[in-house]
Amino acid sequence: MHILKPCKLMYTLSFRFSCSLHLSHFLAMLRGGLWDMVIAMVLWGVWLPSCLSQTTSPSQDGKIKFRLAGYPRKHNEGRVEVFYNGEWGTICDDDFTLANAHVLCRHLGFVEALSWSHSAKYGPGTGKIWLDNVMCGGSENSIEKCVSRGWGNSDCTHQEDAGVVCKDERLPGDCSWLVNENRMENIHLRPLSGAHAGRMPVTEGVIEVKFKEGWGHICNTGWTTKNSRVVCGMMGFPSQRTMGKKPSSSSRKKLLLLWIHSVACTGNEAHLSACSMEFSKANSSASCPDGGAAVVSCVPGPLFTQGRARRVKLKPMSQVRLKGGAKTGEGRVEVLKGSEWGTVCDDHWNLQSSSVVCRELGFGTAKEALTGARMGQGMGPIYMNEVQCRGDEKSLWDCPHKSITAEDCKHMEDASVICNIPYMGFEKSIRLTGGRTQLEGRVELLLSTGSGVRDWGLVCGDGWTSREAMVVCRQLGLGHASSGLRETWYWDSSNVTEMVLSGVKCKGNEMTLTDCQHHSVVSCKRAGAQFSAGVICSDMASDLVLNAPLVEQTVYIEDRPLHLLYCAAEENCLAKSAAQANWPYGHRRLLRFSSEIHNIGKADFRPRLGRHSWVWHECHRHYHSMDIFTYYDLLSLNGTKVADGHKASFCLEDTECHEGVSKHYECANFGEQGITVDCWDLYRHDIDCQWIDITDVKPGNYILQVIINPNFEVAESDITNNAMRCNCKYDGNRVWLHKCHLGDSFSEEAEKEFEHYPGQLNNKIS
């Protein structure tokens, strides 16, 4: 039933040829009728012995073979499977090392390994687990020469199947790339009728699968809803509908090279290639008895339903969320337990568990299950470890898992996912021009005018911040925002001069720029392309969070004499009433606390302006690299501000770092300012301006609020965690803080209760 490629045919005829002859040249010779030349070349001994007799590796002895299986993102990575004693099986990840991966990649015909994976990253295999506790030096020419427990002796499960990523460079003389592996390179849905061709997303259509040889259909004989569930998941949809339609014969393409049939999925696979199936030639009479191609109808998640601008929540708030990702459908996995959000440890984290998260959030199956805090570290509790989902659970909490202790896991092991999402074509209506690379440029939008005409136009730079830039970079699929620019005069101008959008104000999580608030009629204070909005995108971004418990632990009140506050007054760190005080006599009452700002992102936090633009303050003798780095506010229970303070970013530097991380920034001697990834900057409670002037505040119950990077001058991967709030009781002489927390660490219900708490009768919450 398998296709017999020309190179395979040559092998069956006992011809031998060299891998140095490219397959396309060989096929051209056949099409040109040059059989005599081919035979002559064989007879002359020009072609060297081939490796086509080996289906998986260049040095087999007829007993052991190797292959890559599982979710096939690329041809050089996957779950390692070994054929031994007439049966395919897997290798356990216990004691697995990069040296082991080098040996296996050479077995597979590659020069070396780039990395290896554990916990069945590419999906669990089936059958035997042939090898366990494998320990290679890395130079062995066969896995049999490595230390192990012996063939078939293992105490592992398939949740511990090992995988490898090999360097995409073949060993000399290896021709295994010529063998037809029936590898799916892409899959899409072709709408059943032209009337639906322009709608996004495509939720219903004929399944078409792309291989190296071309596009193929799937035979609908025996097609099940479980199969549809897998395909819909790959298309970015959480579920499927029962589909009875079959495409008409006129809708079928005639020149497809492959049919897939006898597909049998369990419904929990993350990718169609993980299902059992058979392949055949398209012109085979037995390829599909009733001649129909499989069709699916998928149910989109809430974010992708028609009329997205008018969408409403279709279900109660989920108990899982994604944080820190650049694109829709990716991020660090966080789960809600009680009223507080926490993270998931990456032990045994795999595609099945990731797919449960993705479907729960209204996306499809998981494209990647990421470990090692690839989307940044969380700051709250770690709730779950060794999660092992089947794939059909409604919630991650329904999956078998272990509770966590402080010794089990650290935030450097936080699990993340990248989900399949429906293709929406958002990038077609926006572009960047004039930049030095594809990651930067002036923002241009394609909008329809009242007459239905589409011409490209500019976006007004007034009020443009990194939040708006985040949305642009997401819409273009270019990752995080590095900068949002209000002037773009230094970039090459295009012939586009008309402003088509102004007053843009984004939350930062929108999928397109037109989803953000904006003026109904364009109104731009500064006309001209040189004042239009621009962006610089980046693969990585910083993420600042405040150590909330430290604020609660260090708070106190100080009555500070006015003669010690001249420098603070010069930097506007006191309330306005201080100007009418009887200087230098008297004092100001200050609410003081320490603030420790951590960078938990994947890029250093750097001031937006270069050091040539920093401002020197003679009184305190330091440079300010940002006008406003932090806001300190005291709010009444109804949200009214009763007192405030602010912190300019003087001496923005690495005070301490996690183990193994080096400090990069030190402000002494006009040094560079910033906060390195996995480091933090500590502003002690006893330094100037680290306070709120509460001289005019009456005793009562309040809310203390601290906001980092409040004007979004510097882009971050997550801006929802930039605020911290505490319950505050001030009795006229003393102060107490309670429930200090980041703005996104509580559930919505708990946050509402926090805002309306009844107050305190003493130093405890009543």
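Count begins at 1; order follows the chain as displayed.
Placed from the backbone N, Cα and C atoms, the Cβ positions cover glycine too.
For reference, TrEMBL has these:
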DOMAIN    66-167  domain 'SRCR'
DISULFID  C92-C156  disulfide bond
DISULFID  C105-C166  disulfide bond
DISULFID  C136-C146  disulfide bond
DOMAIN    189-299  domain 'SRCR'
DISULFID  C265-C275  disulfide bond
DOMAIN    320-420  domain 'SRCR'
DISULFID  C345-C409  disulfide bond
DISULFID  C358-C419  disulfide bond
DISULFID  C389-C399  disulfide bond
DOMAIN    430-538  domain 'SRCR'
DISULFID  C460-C524  disulfide bond
DISULFID  C506-C516  disulfide bond
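The two recorded residues, C345 (disulfide bond) and C399 (disulfide bond), show a Cα separation of 14 Å. Neighbour counts were taken at the CB atom with a 10 A radius for the disulfide-bonded residues C136, C146, C166, C409, C524; the maximum falls on C166. Checking each of the disulfide-bonded residues C275, C358, C399, C460, C524 against C156 (disulfide bond) by C-alpha distance, the shortest gap belongs to C399. Here C358 (disulfide bond) is positioned 13 angstrom away from C389 (disulfide bond), judged by their C-alpha atoms.
Cα spacing between C275 (disulfide bond) and C399 (disulfide bond): 22 Å, rounded to the nearest whole number. Cα of C166 (disulfide bond) to Cα of C409 (disulfide bond): a distance of 29 Å. Ranked by Cβ neighbours within 10 A across all protein chains shown, the disulfide-bonded residues C105, C389, C399 are led by C105. Sequence-distant contacts of C92 (disulfide bond), defined as residues of its own chain at least six apart whose C-beta falls under 8 angstroms from its C-beta, comprise I129, L131, D132, N133, V134, S154, C156, E160, D161, A162. Mapped onto DSSP classes, the domain 'SRCR' (320-420) shows 16 helix, 35 strand, 50 coil.
With helix defined as DSSP H, G or I and strand as E or B, the domain 'SRCR' (430-538) counts 17 helix, 37 strand, 55 coil.
Taking every protein chain shown into account, C345, C358, C516 are the disulfide-bonded residues, and of these the Cβ with the most other Cβ atoms within 10 Å belongs to C358.
Each of the disulfide-bonded residues C156, C265, C419, C506 was scored by other CB atoms within 10 A of its CB, and the lowest score goes to C156.
A straight line from the CA of C146 (disulfide bond) to the CA of C399 (disulfide bond) spans 36 Å. It is C275, among the disulfide-bonded residues C275, C460, whose Cβ has the fewest other Cβ atoms within 10 Å in the structure shown. For C516 (disulfide bond), the nearest of the disulfide-bonded residues by C-alpha distance turns out to be C460; the candidates were C399, C460, C524.
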